[in-house]
Amino acid sequence: MSKFIFVTGGVVSSVGKGITVASLGNILKSRGLSVSVQKLDPYLNVDPGTMSPYQHGEVFVTQDGAETDLDLGSYERFIDIELTADSTVTSGQVYSEVINKERRGDYLGGTIQVVPHVTQEIKARIQRLADRSKADVVIVEVGGTVGDIEGQPFLEAIRQMRNDTGRDNVLYIHVTLLPYIQSTQELKTKPTQHSVNELRRIGIQPDIIVCRADYPISEGIRDKISLFCDVERKAVIFMPTVSTIYEVPLKLESEGVGDLLVSRLHLNASPSDLSVWRGLVEKIKEPTPTVRIALVGKYVELKDAYYSVRESLCHAAIHNGRDIQIDWVHAEDIEKNGPEEYLKHVQGIIIPGGFGIRGIEGMISAVKYARENGIPYLGLCLGMQVMVIEFARYVLGSDKAHSTEFEPDSPYPVIDLLPEQRGVDSKGGTMRLGNYPCVIQPGTMAGQAYGNNLINERHRHRFEFNNDYRDTLSKAGMLFSGLSPDGKLVEICEVTGHPFMMGSQFHPEFLSRPNRPHPLFREFINAAKKVIRDGEQPSLPLSP
């Protein structure tokens, strides 16, 4: 039978619940326990797939094609597991299912209420993940902040779980912020006290309180929170801001969190072994040369829109013995001012996924700059598509080349709608989503990167390379090095004669891990670190 850890947040949103949950999973896995994770999002959207990146940030895709919150990406990276659609629950999903059941007559004419019907549906989804994953521990993050109207049914559901499954099988953790008052130069505990009081009013007494702060926390604060929040002193955990998020599991373990979880839930666990993770953090903190990469996108004002891309670049830089500097370049700025101003100092250019015509010409200009100047380039999803468009326009001379996403009547549609997408009007959950196999051509850059002829990668797209132009582009120097097993879909393309110019229709950023960077990112950074740009001087050997 699975044990459950429920994690709530207080005082403010974005306090670090997601990284805390991911770190708890990391700690438990280091003790030989199997872990699964679930995110409960109280918003009424069915999933974030149709939400603006400016409102939600990145949409993370699971192996089975669920469009989910970016926190699931953190869970996968920290715990090194692959999650499924069972790991994401929204109010939209819950209420839709309850209403559908009522329409079918499943409730036998009863009056449908938040309690018990909505809460029962939430609990059923939590239990379903436990049953299917068979994990020793299921960690459940409740999105939002205690006190939010939307979150009340979820808090009531997790309150009931302790009675349903037994007191020894459920643990509550509350993550809260200790704000710092500059004028008095002190951290304040009162917001935490009020947040815990709100939880207790609902019927949940936290077993552990994780206190986030940007400043050192005194032992007197630990005593105060323990007294006023009715939590054991050793269960008041200090989590200061650290230089890298990958240090959080080590900090929590040093505070005794792992031992608390094992003892409170009566887990049959091995001694903790975070030696590999500790080595990773030490490597991150080592002073190393910097590689400078331009990320050209259309949502760069909100960096969380490219969260997995940013982390994947970091993973690859660590592997290559480099720090990473990312220049966040808005594609529309390139349209206005040209690429030289923004790209002349960078050692590599990456263009991630996106939707819509805004900024497309700026992206195409960035691709052209990379190709003509021998700058390593990696295009992801849309980034591959604009790479194809640029090649068709400026190598083949077909200046009308475009994607039918942006120009439906293009006379040279090198990118077109997938055949199965024709006639699909609904936007939610209807793209080509999840893991699909890809056959790699040996002897190519992709073949050298993967070292394997068959791979599986995650997708999220409606448009694809138009095979009517495959022969034409191949003869001009574009190599299609990755195809679907039936050979019908182009998954990877390369430009021959270039140091590193590659595009993938899939999203490799979803499979990168801190200790195991994705092959495409790894080789991209490996190529970029060799580039010397304006104003840079290579290191000279010291005289004997």
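Cβ atoms here come from the backbone N, Cα and C positions, even for glycine.
Sequence annotations record features per position, and here Swiss-Prot assigns active site, nucleophile to C381. According to DSSP, C381 (active site, nucleophile) is assigned to coil rather than to any helix or strand.
According to Swiss-Prot, the active site annotation covers H507 (among others), on the basis of sequence analysis. According to its DSSP assignment, H507 (active site) is coil. The Cβ neighbour count for H507 (active site), using a 10 Å radius and every protein chain shown, is 24.
Sequence annotations record features per position, and here Swiss-Prot assigns active site to E509 (among others) based on sequence analysis. Counting every protein chain shown, the number of other Cβ atoms lying within 10 Å of the Cβ of E509 (active site) is 28.
Over all protein chains present, the Cβ of K224 (UTP binding site) has 16 other Cβ atoms lying within 10 Å. The annotation UTP binding site is assigned in Swiss-Prot to S13, K188, T189, K190, P191, T192, Q193, K224.
According to its DSSP assignment, K224 (UTP binding site) is helical. The feature CTP binding site is assigned by Swiss-Prot to S13, D148, I149, E150, K188, T189, K190, P191, T192, Q193, K224.
DSSP assigns K17 (ATP binding site) to a helix in the three-state reduction. Neighbour density for K17 (ATP binding site): within 10 A of its CB lie 26 other CB atoms from the protein chains shown. Among the features that Swiss-Prot reports, ATP binding site is placed at S14, V15, G16, K17, G18, I19, D71.
Here Swiss-Prot flags Y54, G354, L382, G383, M384, Q385, E405, R462 as L-glutamine binding site. DSSP assigns Y54 (L-glutamine binding site) to a helix. Residues near Y54 (L-glutamine binding site) in space but far in sequence (CB under 8 A, at least 6 apart, same chain), listed by position: Y299, E301, L302, A305.
Taking the Cβ of D71 (ATP binding site) as centre and 10 Å as the limit, one finds 24 other Cβ atoms among all the protein chains shown. Residues annotated as Mg(2+) binding site in Swiss-Prot: D71, E141.
Among the features that Swiss-Prot reports, domain 'Glutamine amidotransferase type-1' is placed at 299-534, with the record citing sequence analysis. Looking just at the domain 'Glutamine amidotransferase type-1' (299-534), the mean pLDDT is 94.
According to Swiss-Prot, the feature region 'Amidoligase domain' maps to 1-267, an assignment based on sequence analysis.
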(Q) Please give me the recorded positions out of K188, G354, H507 that lie within 10 Å of C381 (active site, nucleophile), comparing Cα atoms only. (A) G354, H507
Q: Based on Cα distances to T192 (UTP binding site), point out the closest of the binding-site residues V15, I149, G354, G383, R462.
A: V15
Q) Going by C-alpha distance, which of the binding-site residues K17, D71, I149, E405 is nearest to K224 (UTP binding site)? A) K17
Q) Going along the chain, which residues six or more apart from K188 (UTP binding site) have their CB under 8 A from its CB? A) L178, P179, Y180, I181
Q.
If I take the alpha carbons of K190 (UTP binding site) and V15 (ATP binding site), what is the distance between them in whole Å?
A. 16
Q: Specify the nearest of the recorded positions S13, V15, K17, G18, E509 to M384 (L-glutamine binding site), where nearness means the distance between Cα atoms.
A: E509
Q. Checking the recorded positions E141, T189, L382, G383, Q385, H507, which are within 10 Å of S14 (ATP binding site) at the Cα level?
A. none
Q: Enumerate same-chain residues with a sequence separation of six or more from G18 (ATP binding site) and a Cβ-Cβ distance below 8 A; give 'none' if the list is empty.
A: K39, L70, D71, S74, Y75, E141
